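Chemist: Take a look at what TrEMBL says about it:
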type	residues	note
TRANSMEM	32-52	transmembrane segment
TRANSMEM	64-84	transmembrane segment
TRANSMEM	109-127	transmembrane segment
TRANSMEM	148-168	transmembrane segment
TRANSMEM	174-193	transmembrane segment
TRANSMEM	198-216	transmembrane segment
TRANSMEM	236-254	transmembrane segment
REGION	263-288	region 'Disordered'
Amino acid sequence: MKKLPEVTLAFWVMKIAATTLGETAGDLFAQTLRLGYFLTTLALFLVFVVTLVVQLRSSRYNPFFYWTVILSTSMAGTTMSDFMNRDASAKYLSGGATKLGWGPQGLGLGYPEGAAILISILLLIFLGWKLSGMTFQITEIVTFRGEALFWSAILVSNTLGTSMGDFLSDSSGLGYLGGAALVTGVLLVLVALMKVPAVPNVLLFWIAFVLTRPLGATAGDFLTKPVAKGGLDLGTAGSSAVLLAVLFGLMAYAQVKERRAATAPEPALPEPALPGTEPARAEEAGRR
């Protein structure tokens, strides 16, 4: 039984909405509420595990289950990336705070080192996936092991995508809009490459899947960061509430569409023509 969605335009719209919400919600818990990267990562990873168990136990594709797991990986990926790459320096604190939450403040690896680690982990997952003989085509994943490999790759790719997005926004000099424009341009190139028969669509899908995460990260930062830094300063709480409403509406639409497809009657087979009638003579003439 199919448990993952068809890859359509609506799929990509929901993916970008979920990744953008993952960025703003992750920052809401870790920074705005000052829970810190370490504690927030532990909490959001637990949320990911719970939502994943629900998804794995489901017998068929359920848009609410699937997109809730995507959202949980995006939120957890945001704080996991921040914990790996950042430290307790003042530029990540606000409101005169001297400490961000409980526990370690961050490993401070930096974006290049953090990305290298995540790329290595992701490649190992794909290598294990390849050696398992399971398909990379998500619409054909129907086994527990295949789905477990899929979600492992999603969690790591969303964490990697956050690192890429934060690097584009904070360290590349492009800023939030420039980083988003660059990622959008690359995604458009991938769309064009879909017309090239020599380029596997499965490869293009996974590249696009990873790149939608930095697009969401830069878009989320643009919505929430101060105007002085190039953002709109809408705040993490307000931005997250609006994005959650948008994503929930899209999930509800997808759920209704899925139920209609599941309950739609099978198309009736044409009845055989009776001997001697005009349809029967036409069929006989066609066979000649």
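Every residue gets a Cβ built from N, Cα and C, even glycine.
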Chemist: By a Cβ-Cβ criterion of under 8 Å, what residues six or more beyond either terminus of the transmembrane segment (174-193) are in contact with it?
Modeler: 165, 168, 199, 204, 207-208, 211-212, 214-215, 218-219, 221-222, 225, 230-231
Chemist: Can you name the far-off residues of the same chain, 6+ from the ends of the transmembrane segment (64-84), with a Cβ under 8 Å from a Cβ of it?
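Modeler: For the transmembrane segment (64-84), the sequence-distant neighbours (Cβ-Cβ under 8 Å, at least 6 residues beyond its ends) are 3-5, 14-15, 18-19, 21-23, 25-27, 29-30, 37-38, 40-41, 44-45, 47-48, 51-52, 54-55, 58, 92, 104, 106-107, 109, 114, 117-118, 151, 154-155, 158-163, 166, 213, 216-217, 247, 250-251, 254-255.
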Chemist: Can you work out which residues elsewhere in the same chain, 6+ from the ends of the transmembrane segment (109-127), have a Cβ less than 8 Å from its Cβ atoms?
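Modeler: Hits for the transmembrane segment (109-127): 81, 84-85, 136, 149, 152-153, 156-157, 159-160, 163-164, 166-167, 171.
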